[in-house]
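Scroll down for the structure; my scribbles are underneath it.
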Amino acid sequence: MRKPIIAGNWKMNMNPTQTTEFVNAIKANLPKFDQTESVIGAPAVDLPALLEAAKGTDLKVAAENCYFEEAGAFTGETSPKTLNEMGVDYVIIGHSERRDYFHETDEDINKKAHAIFKNNMTPIFCCGESLETREAGKAEEWVSNQVTEGLKGLSADQVSSMVIAYEPIWAIGTGKTASADQAQEICAVVRQTVAKLYDQTVADKVRIQYGGSVKPANVKEIMGKEDIDGGLVGGASMEPASFLDLVHFND
């Protein structure tokens, strides 16, 4: 049985004071860790405040990005080694905004996955197609290829433990949501791709999230689908009441 995982992705929002206030507002009401995993992904400048406020709670912490080298002359980048030393649990990689605005390639993202595992953290690996790709009937092929490239060289144990987030680009921040059936269809393709690359045991263990305008009103239906184990949530994760509604989708 795969444990549900609801992760907020704050993108470039919130400051350290707001971060502390947010965690203080939710920490007494989080679901038990053995029921649902609650995660917040925050900008690098907020991570110390988030880690401090989350101490002793069931809240896990994600960085929104890191570099694939541990140290060196890489101005402006974040070291995976340092993130691990700080106590970060997850790192989001391959988000469409990183691929699109910052021209990250499949190879870059694969190197990051290796660096994250090397430093004892877990990647939340994002994949997803554009509206153009979907309308051309190539969504399944596109996403399967992203997963294939992103997992290159990773062991079966590593893939079993990671999180893959399917985020159709046309549904991120647009108010458009893939229907629960559309989301399930591609999440099933992700799982089938993992089964082909590794085996069914690995595919049955990997947790797959759907991301793209997930909110309290639709989370229960989305989470009811066979191959969807969680949500990667933007806007709806930035209000304490809304985030609590999301992590308590099962109540």
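Keep in mind that glycine also has a Cβ here, set from the backbone N, Cα and C atoms.
If you look up Swiss-Prot, you'll see N9, W10, K11, G173, S213, G234, G235 marked as substrate binding site, on the strength of sequence analysis. Cβ neighbour count for W10 (substrate binding site): 22 (other Cβ atoms within 10 Å of its Cβ, all protein chains included).
Cβ environment of H95 (active site, electrophile): N9, E64, N65, C126, E167 lie under 8 Å away, each six or more residues apart in the same chain. According to its DSSP assignment, H95 (active site, electrophile) is coil. Feature annotation from Swiss-Prot assigns active site, electrophile to H95; the stated evidence is sequence analysis.
As annotated by Swiss-Prot, active site, proton acceptor applies to E167. DSSP classifies E167 (active site, proton acceptor) as coil under the three-state reduction.
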Cβ-Cβ distance under 8 Å to G173 (substrate binding site), same chain, at least six residues away: S213, G234, G235
Other residues, Cβ within 8 Å of N9, W10, K11, G173, S213, G234, G235 Cβ centroid (substrate site): I172, V233, A236, S237, M238
Sparsest Cβ surroundings (other CB atoms within 10 Å) among the binding-site residues G234, G235: G235
